[in-house]
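Notes follow once the structure below has been shown.
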Amino acid sequence: MEYYLVKWKGWPDSTNTWEPLQNLKCPLLLQQFSNDKHNYLSQVKKGKAITLKENHRALKPAIAEYIVKKAKQRIALQRWQDELNRRKNHKGMIFVENTVDLEGPPSDFYYINEYKPAPGISLVNEATFGCSCTDCFFEKCCPAEAGVLLAYNKNQQIKIPPGTPIYECNSRCQCGPDCPNRIVQKGTQYSLCIFRTSNGCGWGVKTLVKIRRRSFVMEYVGEVITSEEAERRGQLYDNKGITYLFDLDYESDEFTVDAARYGNVSHFVNHSCDPNLQVFNVFIDNLDTRLPRIALFSTRTINAGEELTFDYQMKGSGDISSDSIDHSPAKKRARTVCKCGAVTCRGYLN
């Protein structure tokens, strides 16, 4: 008869008991147990495969250790997923998945929904004027006041070329929440999954639903710091082989967004030299041209299950620049090898 060592929820390990299969009314846990055991055995090198037939009395210690670690990881990732969904303020759900290794939630990452200014930096999130349109799609609205075109068509898809700023209606506008010029401010509408990649790129993000081309997907948020502080942090990040700095260089080069410790789902989006997301500068309540919001729009139809990527060297102006992220090429930097695998891969992230 098969017996299973049971860890009882809410009780310490000292109260674990051995139970026969007939006592276990937890089909999902049993299926996970079986899957984890199978996955471990499939990872063992050929010729050294371990099977239960070698020992009918007990699991090999290595298999048991892996199953326990996998179970603890599953619990930790579920708790992290729940926390992310409590903190997010947008419609789309966030899921977490790791079928690759035993890596758990990041230990030094804090989810935020909007820019977090560093000490000494002031973000004025209150517009000085707003429109009085009854239909912003046809009347002279906020974009026209700023001297640019309305960014969206009737299907809520972006119609302006990269490099053109987006001016959305703001809190002073008299139009309602269904205004066709309120897209980025509504947040991510799609359910996304933070998943562990199998190509050595760490965590990544994939969409769980189909995304139409030219649709808003997410914002890039983080800690707003000075360019001088960004230079200092950039040296440290380069040595670690990580890249989270995004220059706010729409008109000036005073500020940078650092998503290393504080960020949203975009923190986990990987780089690609052939990306499916495009960067745009957005102005809503804060009209300071030194501090645009960074929005990511789909460049093509993205199918459910496909990984989301953007070019880490893409500027809001639409140009590719080696100093867009981890800027200031004046000082020699450690270069981070690119693993995107695109035919057009440039070889390095910075």
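Placement of Cβ uses the backbone N, Cα and C atoms for every residue, glycine included.
Any TrEMBL annotation is an automated prediction that lacks curation.
Beyond its flanks by at least six residues, the domain 'Chromo' (1-45) meets 51, 59, 62-63, 66-67, 70-71, 74, 99 of its own chain at Cβ-Cβ distances under 8 Å. Residues or ranges marked as domain 'Chromo' in TrEMBL: 1-45.
TrEMBL lists 129-187 with the feature domain 'Pre-SET'.
As annotated by TrEMBL, Zn(2+) 2 binding site applies to Cys131, Cys142, Cys169, Cys173.
Residues or ranges marked as Zn(2+) 1 binding site by TrEMBL: Cys131, Cys133, Cys136, Cys141. Close to Cys133 (Zn(2+) 1 binding site) in the fold, though at least 6 residues off in sequence, lie Glu139, Lys140, Cys141, Cys173, Gln174, Cys175, Cys179, each with a CB less than 8 Å from its CB.
The annotation Zn(2+) 3 binding site is assigned in TrEMBL to Cys136, Cys169, Cys175, Cys179.
Positions annotated as domain 'SET' by TrEMBL: 190-313.
TrEMBL lists Cys273, Cys338, Cys340, Cys345 with the feature Zn(2+) 4 binding site. In sequence order, His271, Cys273, Cys345, Arg346, Gly347, Tyr348, Leu349 constitute the residues six or more apart from Cys338 (Zn(2+) 4 binding site) in its chain with CB-CB distances below 8 Å.
Per TrEMBL, domain 'Post-SET' is recorded for 334-350. Remote same-chain residues near the domain 'Post-SET' (334-350) are listed as 199-201, 238-239, 241-243, 270-274, 309, 312-313, 322, 325-326 (criterion: CB distance under 8 Å, separation of at least six residues from the stretch ends).
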PLDDT averaged over the residues of the domain 'Chromo' (1-45): 90
Lowest local Cβ density (other Cβ within 10 Å) among binding-site residues: Cys141, Cys179: Cys179
Cβ-based neighbourhood (8 Å from the centroid) of the Zn(2+) 4 site, residues Cys273, Cys338, Cys340, Cys345 excluded: His271, Ser272, Asp274, Lys339, Gly341, Ala342, Thr344, Arg346, Gly347, Leu349
Spatial neighbour of Cys340 (Zn(2+) 4 binding site) that is closest, considering only the binding-site residues Cys131, Cys136, Cys169 and their CA atoms: Cys169
